[in-house]
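If you look up TrEMBL, you'll see B:1-22 marked as signal peptide. Residues or ranges marked as transmembrane segment in TrEMBL: B:242-261, B:297-317, B:329-347, B:381-398, B:429-449, B:461-484, B:496-514.
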Amino acid sequence: MNTAKTRIASLLAAASLALGATGLQAQEEDPIKVGILHSLSGTMAISESTLKDTVMMLIEEQNEKGGLLGREIEPVVVDPASDWPLFAEKARELLAEEEVDVIFGSWTSVSRKSVLPVVEELNGLMFYPVQYEGEESSKNIFYTGAAPNQQAIPAVNYLMNEVGVERWVLAGTDYVYPRTTNKILETYLKNKGVADADIMINYTPFGHSNWQSIVSDIKEFGNQGKKTAVVSTINGDANVPFYQELANQGIEATDIPVIAFSVGEQELSGIDTGPLVGHLAAWNYFMSVGTDANYDFIDKWIEYTGDETAVTNDPMEAHYIGFNMWTRAVKQAGTTDVDAVEDAIIGVTVPNLTGGYATMMPNHHITKPVLIGEIQDNGQFSTVWQTPGTVPGDAWSDYLDGSRDIISDWRDPLNCGNYNVAKGECGGQQSSE
Amino acid sequence: MSIRRWLEPILIVCLLIWPCMAASAEADGQALLTELAEAPASGKAAAITAIAESGDPRARHWLQAFADNKLSRMDDSGRFVVVLENRGRDWTVEDALTGEAIGEVSRRNLNRVRINNSLRSRIGNILGLLDLKVDDPAKRREAARELRGEVDAVMAESVESLMESAEDEDVRDYLAEALAIHRVQRGDVSAIDTLRGSLSSEARSALNKAASSDDPELASAASEALTSIEQLLKINNAAETLYFGLSLGSVLALAAVGLAITFGVMGVINMAHGELIMLGAYSAWGMQQLLPGQPGLALVLAVPVGFMVSASAGIVIERSIIQFLKGRPLETLLATFGVSLILQQLVRTVISPLNRTVVTPEWMSGSLMINEALSLTFNRLYILGFALAVFAALLLVMRRTRLGLEVRAVTQNRAMARSMGIRATRVDIMTFALGSGVAGLAGVALSQITNVGPNLGQNYIVDSFMVVVFGGVGNLLGTLVAGLSLGTINQLLEPWAGAVLAKVMVLVFIILFIQKRPRGLFPQKGRAAEG
């Protein structure tokens, strides 16, 4: 009886000890939380859901390698449902309630703009993986997608110098990214001596599907005796009917090439690409790039998704770079503390998937090569031209009034996202818009 | 490199002794292709010419493969291969020199010979000249057509001799035009006469350039020729705009006709109408998945299948939700809006959030060329015809069948119809199924001109309501007329107002119109209208 009692007591003691020990251990090895803020439903799910999977895959891979700082990484996935205000709410939930150490997220500029005040207020850390219009540099956001000088300007240079284009159609969907990009391009082209009459600008609503008269206008515009090209910032869904109409009206890439900034492998996987062969796109990564790093990434992606036909694209590479930069910076800083990581990450260099390296610049943008690719019949791009080295991202365009004199440098002593060189003052932390 | 060094002597010997070609064809071809692959961008053109002039019977095959991005070199063996199947990670290839099938090779091992558009158009010209000599007259004509605007000083002579020997009148005309364009480009005034009255874009392009040249004689002759062309062009443009309008209108009418039945005839505000269209589009995709390699047949079969799928979905919605909300339009609106969100997310979860590819069959792509400036795209032409056929069939059902009679009776006076022995509930189900099924038909048609994805329906729901309200609720013909006229108005406005503003203006127009005539274009008359 007595012995039984003691046995129970000692068992209890042992149990409580064990419990205590695990409690302690848990405190020491609390997982590092990574927030993923990509729409899984609604209009943008088409593009964003694969980015969620990309980050999940990168986290899984990192955990197999033993996690980070000896701790496991735990993904926290939320669904902002393509609803811009909801992005801000979900970002707040991630930072305030889940207390994540970093967020990977957003696609559209408007969703980023809606998250921006939240991450600045709560001092979070966010990696934004999509090409965008620039004119922004936040202390708390790292832009791993292309700024206009890493996509639009080199693309126009390519057409001007290598193809000999003299007349330009700037066609875009009616929202902030195309409008700003086209404004930059218009100023740039005029600086290069292109006449007003040789530039045609056209905007269409989201999801525009009836392109007949616009394509017919473009055809007419191209009949004026000068080599004409279309620079397209047409967004996602509207592209399919646009290209179909081009093909139906007999416009071939050799007559009027279209260079697109928003058409990637994923968009092409939803169309019959036969009629599009030869049209162009400018990105910083193509799935077809023949490097071992890229082939390994593709193999892993196919294995992760279990889909033999799964494609990779530019924003996925941006997340790959961003995630590696973040883990490197965390290792360097020895902590996931936001301020320490922000300091440590500037200057961090990691390999990209196209055989080069990406460096985080003081303006929170990264260096990228610019690739021009032609659409092929298998829904892939084949590179026809690329910049000799990498191009550092410029947050504030040199071709817009009011942003020409602004620079961004988040290192001491400047520590400012929009410093006006002419006036010699910092315009405050927030961006202009 | 070492292979090349080893080859060079053979190459020189071969050039000296032509007949040795056959013996060392392998080595020779390898050398030509090596040159093509290794030349810098500026030297590729010369390499292409060398291949074309080599007289090698496989030259055409190589150039075509090169132009199609199919010519690759294997990293390990240095063999040149033509890619036959380029999907997935392992590609099927054959040897470019011997034509021997090699089977599947890892993508990592293949190094594509790079090409760009200017090289591609050069190859196009070379192949075009070759095509002028083939037996198939249609192919010859096409090749001649394509040559316009492409002739350069090097080609001019051979084009001229080909023109003189051409038997086909069309071919001769095309080649004459091609040569005239070339001459105008070089500043030859006498060539302008040939281009007078030509509607082709290449001719106009050349004339436009000439009109702004420094030579006053050339400039005035060119602008004079252009004025005469402008006249012809205006008529063609008007016809083209009308066609664009009608085809957009037919799409609007087709999308709206299902709603004209459920909303117009039954009075149910069905916000899930767009998703019923989406289901139809997905049926087209599903059928193409079931019948791989036969996109045309699959599309034709998708017409009845799409109808059945959407109709059954309609029956489920009617039985499970709408029947309980009879006479409560606000609740119906909210409930069906919920259904629409559920259906969208269902497709996203079950199939994929990504758009699906619906292949356009051969007979629906391309365009019917009336003349150089006016061609009607086939896919829109078919949809226009399909829309008219659907309307005709529906009118027949509503006016000539017992179902149509019962539907009309029930909607006009439900109580009276029931007391005459009509089973109103059954008629409700049938009507809703019919409306939903027709939405499915619209979906099958739309799969050919827009994205098949979960958001397809959303893009058409507002337009559909707009068309039905404008046409007059409860009037099928009104829907057709409203769709066609709204489409035409939109296309008339678009060129000068822009796509965004044109849409706004159409909406404003409808709002004003409804103020004036609240019952739409064709209001229902009689006592039924009061109900």
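For all residues, glycine too, the Cβ spot is worked out from N, Cα and C.
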Considering the transmembrane segment (B:297-317), which listed stretch of B:329-347, B:381-398, B:429-449, B:461-484, B:496-514 counts the most C-beta pairs under 8 Å: B:429-449
The transmembrane segment (B:242-261) in contact with the transmembrane segment (B:496-514), cutoff 8 A, at least 3 CB pairs, sep 6+: no
Recorded stretch, among B:329-347, B:429-449, B:496-514, maximising Cβ pairs under 8 Å relative to the transmembrane segment (B:381-398): B:429-449
Residues from the same chain, set at least six apart from the ends of the transmembrane segment (B:429-449), whose C-beta lies under 8 A from its own: 251, 254-255, 257-262, 265-266, 268, 270, 273, 276-285, 299, 302-303, 306-315, 317-319, 322, 358, 360, 364, 379-380, 382-383, 386-387, 390, 394, 397, 403, 407, 410, 456, 460
